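The block underneath contains the structure these notes are about, expressed in structure tokens.
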């Protein structure tokens, strides 16, 4: 440590030039401090004297200084106002200039940039869409969707109330809602349009119908027209069907009995392509060809044709047809309802009713499935499942609905609403009352039918509106119903309200025992045929589309017409 102190003293005692300096002694430092204190004391005394003199002068001139002070303040205020006005004017000019620039950018500059960017994006998409590997991606770029708040009516969500219990009301009476109809028609006087099929998906709808150019009899040639569109609101705030794209299939292909499904941005239809009449088809082994058509919103279409050997049938069939009414889409599959004649009948007891009927047994019901007019074939309903429907070659599998779960096989439709699948089948046999229920598509297939006593259909004399006793007959007409409540007890439909004739089309809202609210389309003599009803909600408010084949009597042809009603659901207040 002593060595280090010696080095430091040596450093500070040496100047940069190398010469040595003498360190000031303690006495010399003390003398300098006393001198500075004396100087500071004198300065303080001088400042005190100066302050006293200034105060005396101010007091002497006080009378004059107050007036000068006021004038000074006023001058300062005026100067401040001038500065304020100058600043305000300057700021206003700057703001106006900047606002003009912003307005110019918004009205001109930004739109120009947006248009340029839009063109760039469109060009990029077009270039991408020219590549085959991106075709599926590009097909999804067309933005078509139902109006906001519109969705297929789901009974579980619809049939409820904030307070109280829901019910169908008879007052006020339902009425037709105004709006246009753009269903496909005929360009010839004698043209006949038949078999309307409507599927309403989450984003779009699909509609299909068959056109025969001369009369309604099958002449071996017919057009099939498939439309895709969306549901919008018209100026009266009522829903409308708005077609976006339409495709007409070759008249020589003679598609028949087509069922449709709308899912995603595509429409699918499954049709039969018969080369013989129906009775001849049932009398021979094997089925006529089936065809699956695909149509997208860009108008692109694709068709897959299947021969008997290419369809996975669980039993040999002599005839098989899609059921006209719409099908459903599930994960990876399309499911259509179908019907046809088995080459060899199945064993088992079918749905039956013997109470109140004379000389009727279970055997009577079993034999009633075998239709003499169709070569004695046992007519059953089937599930037609199209697997991998997005692939290059979808596969078709047919599963027969057990005869223990069903009545006579017939036309019909499927609806997937919420977590339930609803089934409707035409009352073509002895059971004339409405046939609607819940289908369990797991194995084995089961149907929980909802008994309806109020709704029926016209039929021949032996199987008319009121018939409930088993016997062999093939009659009736396709008049499907849409479930409004989860148990399908409350429904919307269009019935031909007559005993034996296809007349008097009437829109009906009904429960299992009573017709609650109804509207006759015209009069009891108006001739009609097939009807189909599909319902939607718009932010919870229910509406139904009714498509009815109306007989243009002066022309003696059929033409589907579109009608719309508001669902008369109310809430019963709790007492």
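Yeah, the Cβs are placed from backbone N, Cα and C, and that goes for glycine too.
Keep in mind the model is a prediction, meaning the values are calculated, not measured.
Taken from Swiss-Prot, the feature compositional bias 'Basic and acidic residues' covers 1-10.
Reduced to three states, the DSSP call for residue 216 (disulfide bond) is coil. In sequence order, 192, 194, 557, 558 are the residues of the chain that are 6 or more apart from residue 216 (disulfide bond) and have a CB within less than 8 Å of its CB. Marked as disulfide bond by Swiss-Prot on the basis of similarity to another entry: 192-216 (among others).
Summarising the annotation, Swiss-Prot assigns disulfide bond to 258-271 (among others). Non-local contacts of residue 271 (disulfide bond) by the CB criterion (under 8 A, 6+ apart in sequence, same chain) comprise 224, 255, 256, 257, 258, 259, 290, 291, 293, 322.
Applying an 8 A CB threshold to same-chain residues 6+ apart, the list for residue 357 (disulfide bond) reads 468, 469, 470. Annotation comment: Swiss-Prot describes 357-469 (among others) as disulfide bond, evidence class similarity to another entry.
Take the CB of residue 473 (disulfide bond) and look out to 10 A: across all protein chains shown you find 22 other CB atoms. Per Swiss-Prot, disulfide bond is recorded for 463-473 (among others).
Here residue 544 (disulfide bond) comes close to 482, 492, 507, 533, 534, 535, 536, 564, 565, 567: these same-chain residues lie at least six apart in sequence, with C-beta atoms under 8 angstroms from its C-beta. What Swiss-Prot lists as disulfide bond is 535-544 (among others), and the listing cites similarity to another entry.
The region 'Disordered' annotation in Swiss-Prot covers 1-24.
The region 'Incorporation in virion' annotation in Swiss-Prot covers 10-14.
The feature region 'Involved in interaction with F protein' is assigned by Swiss-Prot to 59-140, with similarity to another entry given as support.
Per Swiss-Prot, the feature region 'Involved in neuraminidase activity' maps to 254-259. Sequence-remote contacts of a segment are chain residues at least 6 beyond its ends whose Cβ falls under 8 Å from one of its Cβ atoms, and for the region 'Involved in neuraminidase activity' (254-259) they are 195, 197, 208, 210, 218, 220-222, 224, 269-275, 291, 321-327, 336-338, 411, 413.
Per Swiss-Prot, topological domain 'Intravirion' is recorded for 1-37.
Sequence annotations record features per position, and here Swiss-Prot assigns topological domain 'Virion surface' to 59-575 based on similarity to another entry.
What Swiss-Prot lists as transmembrane segment is 38-58.
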Secondary-structure category, per DSSP, in which residue 463 (disulfide bond) falls: helix
Nonlocal residues around residue 463 (disulfide bond), in sequence order (Cβ under 8 Å, 6 or more apart): 429, 430, 432, 471, 473, 475, 476
C-beta crowding around residue 258 (disulfide bond), within 10 angstroms: 26
Among 192, 469, the one of these disulfide-bonded residues whose Cβ has the fewest neighbouring Cβ atoms within 10 Å: 469
Cβ neighbour count within 10 Å of residue 535 (disulfide bond): 24
